[in-house]
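Q: Following this message is one structure expressed as structure tokens.
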Amino acid sequence: MDISRLRNFSIIAHIDHGKSTLADRLLEFTGALSQREMQNQFLDKMDLERERGITIKAQTVRLTYRADDGNDYVLNLIDTPGHVDFTYEVSRSLAACEGGLLVVDASQGVEAQTLANVYLALDINLEVFPVLNKIDLPAADPERVIQEIEEIIGIDAHDAVLASAKEGIGTHEILEEIVKKIPPPKGDASAPLRALLFDSWYDQYQGVIILVRIFDGTLKKGDRIQLMATRSSFEALKVGVFAPTMVETQQLAAGEVGFVIAGIKEVADAKVGDTVTLQHRPCSSALEGFKEVKPMVFSGLYPIDTVQYEQLRDALAKLKLNDSSFSYDPETSLALGFGFRCGFLGLLHMEIIQERLEREFGLDLITTAPTVVYRVHRVTGEVQSIESANQMPELQHVEYLEEPFILAHIHVPNEFVGGVLALCEDKRGVQREIKYLTQNRVMIIYELPLNEIVLDFYDRLKSITKGYASLDYEHLDYRKSDLVRMNVMINGEVVDALSLILHRDKAYYRGRDLVSKMKELIPRQMFEVAIQAAIGNKIIARETVKAMRKDVLAKCYGGDITRKRKLLEKQKEGKKRMKNVGNVELPQDAFLAILKVE
């Protein structure tokens, strides 16, 4: 295989800008798929990816294309996830390429996620060229979008390809540009093997399948390979390429992209970003850029029906096989029974995992409010990381608390700026800058505490801007904050599943909203139920659910007041006794209400 005829590229685009459809057109045009095999969004293998129109795992496909100069080229398309939670996966997929297509919707212009991924690509010196998609739409305005790309991203866009993936316009021009503009890979096939592992997933028959991009050396079937970060070694049982279905080959040489099946049992052993080398002839240094991905958002998952606990455990273990960035530990709650504390990269990641559990494994789950990782500095000087309110020590042992901050880039149309600024201020944000990108698009940059974002920030941002805003964020650092733990008590008993860690300024309002919401949801009992929100020993809000009572005076017509009083006193005594022994069943909705309180 002549290395000068190879091209490795990826497609960078915001959600819904037509990336997967464009990939379909490229597959069709180069004859990788016949009309019969063609299905929309071929590369998005999971139903959920297809349904939400997002790419979650990276996929690769090898296309052969005869260019106008008469030569045959091999093009490796590496499809990247386009969502903010999966930034690390994107950066590894991009590191496996020499160039990228920047796909921008000709009617919507540049969005926040596009920017984040383009900057990742430009940071590692990829050759990026723009493609304007959806030019068949009546609202398409290529002139404006070209100007936007040049002003915001700073790459030359005057000769951008105009295309419509849906109609198949411009596919040939895109392939020609890939051949002309993207440089061939560099690499020495005789050097020791150095390959980047940029994705892995679990197959129930063959174990873990890893995707690699070979930078130096050659990987043959039967070689013993070593993964440098985990120091584990395996035998390469099969090597090959996706064209777009799996095709086995004898070897993969420098510059090529392909898969390796090596009998690896768990995805945790094949970490994304790791360097693959040969055991008997290892390379001198690993490829740079590897990092351990740490969960940032935590939430408790409990089965509604306790019988499903075992099923939930098996389901989580299966998902973990495929997704090493997700973590789970068993935990118990007095109110909810047995469940798991799960860690996710971000909100979208959390939603996807929950949906997959409910859809693929048929589980009914209840989810506690998401929290982030706080740092507790104790009086003794030790620092402890906590991810749920129940782990927080008593206040007298705590010197101060720190919470994680993020830097958010929000793109909005001009008319919504006021509403978005008000939302960010309400969420304790610190304004960095406001940039007018064009006459009607604004980029707002804010520093925000992560725990304000995990609850409902994204939903509220979308509703304020009628769905036009796009958000991208990166993690900054930990900062000292006045955080407290708020407990919810029912008849004096603390309900552990409802405890929250939040900022002292917000505790009073949040507590008041919470107890009034709970009052609506808890059914009336035969005795009165007190619902209280407390910080330490101080009660900050209270509501009472009145008792149901029988009319004990119904049978007294007229008669003496003392007789009536005796009956009422007797009833009161009974209610008191009942309150001591009675316990309140909390309905399922009560926990969901916590998530919904604005």
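Note that Cβ sites are derived from N, Cα and C of the backbone, with glycine treated the same way.
From a predicted model like this one, the values you see are computed outputs, not experimental measurements.
Feature list, courtesy of Swiss-Prot:
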- Asp16, His17, Gly18, Lys19, Ser20, Thr21, Asn133, Lys134, Ile135, Asp136: GTP binding site (BINDING)
- 4-186: domain 'tr-type G' (DOMAIN)
Q: With H, G and I counted as helix, E and B as strand and the rest as coil, say where DSSP puts Asn133 (GTP binding site).
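A: The residue in question, Asn133 (GTP binding site), is strand (DSSP, three-state).
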Q: Over the domain 'tr-type G' (4-186), what is the model's mean pLDDT?
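A: For the domain 'tr-type G' (4-186), the model's average pLDDT rounds to 76.
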Q: Applying a 10 Å Cβ distance cut-off over all chains shown, what neighbour count does Ile135 (GTP binding site) have?
A: 20
Q: Looking only at DSSP and grouping its letters into three states, which state does Ser20 (GTP binding site) belong to?
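A: The residue in question, Ser20 (GTP binding site), is helix (DSSP, three-state).
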Q: Using a 10 Å radius around each Cβ and counting other Cβ atoms from all shown chains, which of the binding-site residues Ser20, Asn133 yields the largest count?
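A: Sorting the candidates by Cβ neighbours within 10 Å, the top entry is Asn133.
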Q: Can you tell me how many other Cβ atoms are located within 10 Å of the Cβ belonging to Gly18 (GTP binding site)?
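A: Step by step: centre on the Cβ of Gly18 (GTP binding site), count other Cβ atoms within 10 Å, giving 24.
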